[in-house]
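Asks: I am attaching a structure below and will ask some questions about it afterwards.
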Amino acid sequence: MSATAVTADGLEEIEVDVVAVWKEGYVYENRGDTSVEQKITMTKGMKNLNSETKTLTATHTVGRTLKVGDPFEIGSVEVSYSFSHQESQVSMTQTEVYSSQVIEHTVTIPPTSKFTRWKLNADVGGTDIEYMYLIDEVTPISVTQTIPQVIRSRAKILVGRQIHLGTTAVRIKHAERQEYMTVIERKKWPAATLGKSNLFKFVLFEDSSGTRIKTLNTMYPGYEWAYSSDQGGVYFDESSDNPKQRWALSKALPLRHGDVVTFMNKYFTNSGLCYDDGPATNVYCLDKREDKWILEVVNP
């Protein structure tokens, strides 16, 4: 199950079920007749924090929301659990998750006693979050311990807003050049070329023959469907069954804000949408080329 809330910057917040488990974080048996002090060092938060941004990459699926390789951020994590006949709840904010805080302190263990530190770990899309919470337990060595039990574990994650085919307006940005696909007039046709403006909008459609790219900024009404000419220039024509208007997308549905994709033409099957420094425009469909493009959701 998941719940969704739209946020700014092309992202949406989705609540998903995640895996959480109690583990032995530290165990010490003091079989002597005097107390013993032990120094414990632990890291609270993300175990392997190796990014300057909050963007993570999923290494396994999370329901129907995250697939392997998908980018996401962790907004918060919440776990309810039972221990010693009581139910409790603990949560971590985004700041706490990403802080990766190292904590060191000393505990005193009485004689003939066993010290156990239970740590609550959560896994969100392959990212391990350590010491969400801890429980220190001191028992006689011979006593069988009661392991805390997770009741429910949920996380709020931030992912790119879903691109709904046929309705969601997007910008199409060249991944390497960081310029947007725009529409200008060439040879009395609407034509695609790269530019700095992010005001040009497109809608992706899909039919049985492939993906279609519709511009919302044509200067000739009805001439709005991207196709490859025989010479490789990309223009916008009236709607038809022409396979030159169909494209094969490199990424499976659903598409999301921030997805990086390629567009291969369905007629010129070895040719892909790409940058090329032409005489008047620079968006082409050329043989053995498949440049990467970033899809950005246009805020309503």
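Easy rule for this one: first residue shown is 1, then count along the chain.
Cβ coordinates are placed from backbone N, Cα and C, and glycine is handled just like the others.
Found this in Swiss-Prot, in case it helps:
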SITE      W22  site 'Crucial for binding sphingomyelin and inducing hemolysis'
REGION    36-109  region 'Beta-hairpin domain'
BINDING   K187, S229, Y235, Y284  N-(acyl)-sphingosylphosphocholine binding site
SITE      W247  site 'Crucial for binding sphingomyelin and inducing hemolysis'
DISULFID  C274-C285  disulfide bond
SITE      W293  site 'Crucial for binding sphingomyelin and inducing hemolysis'
Asks: Of the recorded positions W22, W247, C274, W293, which one sits closest to Y284 (N-(acyl)-sphingosylphosphocholine binding site) when you measure Cα to Cα?
Replies: C274
Asks: How many neighbouring Cβ atoms, not counting its own, are there within 10 Å of the Cβ of S229 (N-(acyl)-sphingosylphosphocholine binding site)?
Replies: 16
Asks: On the 0 to 100 pLDDT scale, where does the region 'Beta-hairpin domain' (36-109) sit on average?
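Replies: Across the residues of the region 'Beta-hairpin domain' (36-109) the model's pLDDT averages 89 on the 0 to 100 scale.
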Asks: Spatial neighbours of W293 (site 'Crucial for binding sphingomyelin and inducing hemolysis') among the recorded positions W22, K187, S229, Y235, C274, C285, defined as Cα within 10 A: which are they?
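Replies: Candidates kept after distance check: C274.
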Asks: So around the N-(acyl)-sphingosylphosphocholine site, K187, S229, Y235, Y284 aside, which residues have their CB within 8 A of the centroid of those CB atoms?
Replies: R186, W189, A191, S228, Q231, G232, G233, V234, T281
Asks: Could you give me three numbers for the region 'Beta-hairpin domain' (36-109), the DSSP helix, strand and coil residue counts?
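Replies: Across the region 'Beta-hairpin domain' (36-109), the residues distribute as 6 helix, 45 strand, 23 coil.
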Asks: Let me know the most crowded of the disulfide-bonded residues, choosing from C274, C285 and counting other Cβ atoms within 10 Å.
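Replies: Counting every other Cβ within 10 Å of each candidate, the maximum falls on C285.
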Asks: Using a 10 Å cut-off, grab the number of neighbouring Cβ atoms around the Cβ of Y284 (N-(acyl)-sphingosylphosphocholine binding site), all chains included.
Replies: 23
Asks: At the level of the C-alpha atoms, what whole-angstrom distance separates W22 (site 'Crucial for binding sphingomyelin and inducing hemolysis') and Y235 (N-(acyl)-sphingosylphosphocholine binding site)?
Replies: 59
Asks: Could you round the CA separation between Y235 (N-(acyl)-sphingosylphosphocholine binding site) and C285 (disulfide bond) to a whole angstrom and send it over?
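Replies: Taking the Cα atoms only, Y235 (N-(acyl)-sphingosylphosphocholine binding site) lies 10 Å from C285 (disulfide bond).
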Asks: Over all pairs within K187, S229, Y235, Y284, the annotated N-(acyl)-sphingosylphosphocholine binders, what is the largest Cα to Cα distance, rounded to whole Å?
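Replies: Looking at K187, S229, Y235, Y284 as a set, their Cα atoms extend up to 15 Å apart.
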Asks: Which one is it: of the recorded positions W247, C274, C285, whose Cα lies the shortest distance from the Cα of S229 (N-(acyl)-sphingosylphosphocholine binding site)?
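Replies: Comparing Cα positions, the closest of these recorded positions turns out to be C285.
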Asks: Cα-Cα separation of C274 (disulfide bond) and W247 (site 'Crucial for binding sphingomyelin and inducing hemolysis'), in Å?
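Replies: Roughly 13 Å, rounded to the nearest whole number.
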